[in-house]
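If you check TrEMBL, you get these features:
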- 203-253: domain 'RING-type' (DOMAIN)
- 31-49: transmembrane segment (TRANSMEM)
- 56-72: transmembrane segment (TRANSMEM)
- 78-97: transmembrane segment (TRANSMEM)
- 118-140: transmembrane segment (TRANSMEM)
- 152-169: transmembrane segment (TRANSMEM)
- 279-301: transmembrane segment (TRANSMEM)
Amino acid sequence: MSELSPEEQWKIEHARMHAKHRGHEAMHAEMVLILIATLVVAQLLLVQWKQRHPRSYNMVTLFQMWVVPLYFTVKLHWWRFLVIWILFSAVTAFVTFRATRKPLVQTTPRLVYKWFLLIYKISYATGIVGYMAVMFTLFGLNLLFKIKPEDAMDFGISLLFYGLYYGVLERDFAEMCADYMASTIGFYSESGMPTKHLSDSVCAVCGQQIFVDVSEEGIIENTYRLSCNHVFHEFCIRGWCIVGKKQTCPYCKEKVDLKRMFSNPWERPHVMYGQLLDWLRYLVAWQPVIIGLVQGINYILGLE
């Protein structure tokens, strides 16, 4: 075997696998049925859990999103990913610590949203570059730069994974921090009953004064008024809606019209990208658990 080429070795291994599983069609059909049934049942249970106990569901999902890739990283010796994961975790842990302190320091809300908005933009740009690299490789454009297809595809898939993974992780941490900070400030609560009255000159997200009128053009930042007539710093409400995944007013919980809020067509892809990340959260966090459960059932039943 050692004297054969990689292609010949693959053909021999492929033939051995077919010989081993010849006549096991009924067993394979049973395994497929187990897989489909497990996926359906798991999806129903996850939906019910999310609807009935959203806080515990989000916390467990966030923990799995944070830990599951780490297991595969250490197992497969992906040291570059591990270094980036450690740096991201260290800074995010510090920012999360600041967001959960009581009383809340006045500069903390801006620090939190700036960090998570930075990660959001980096992950968005990284995902776009990775997607373009994959598409260029599929169309053979990598040959114009004398890059091997396997190298170009590895580069694109790696960037796409980095962008999507840290985009999902960042949004979950941002949502948790947004809840803690807004509840601490007192203008927002999960029950919908604020503990303090909101003045027109105060932003309900960060609790700081609003110095620029809605009709005025600010030098650094503008002021935005939602359809419920509550006003906020533009930076804060954008961070609340896009980064923190909130689509309701931080004070009265009225639905936020994101299409009206982001009239610039170049900003709307950020909202679409956020929705894509929400869908991928299930794929990254729960799919490995479901596949492991399926393998456990197959092992108990003696299926190969």
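Indices start at 1 and increase along the chain as displayed.
For all residues, glycine too, the Cβ spot is worked out from N, Cα and C.
Just so you know, TrEMBL annotations are computer predictions that nobody has curated.
Long-range neighbours of the transmembrane segment (56-72) within the same chain, counting only residues 6 or more positions beyond its ends whose Cβ lies under 8 Å from a Cβ of the stretch, are 46, 49-50, 78, 81-82, 85, 89, 165, 168-169, 172-173, 175-176, 281, 284-286, 288-289. Mean pLDDT for the domain 'RING-type' (203-253) in the predicted structure: 70. With a cut-off of 8 Å between Cβ atoms, the residues of this chain six or more beyond the transmembrane segment (78-97) that come close are 66, 69-70, 72, 111-112, 115-116, 119, 162, 166, 169-170, 173, 176-177.
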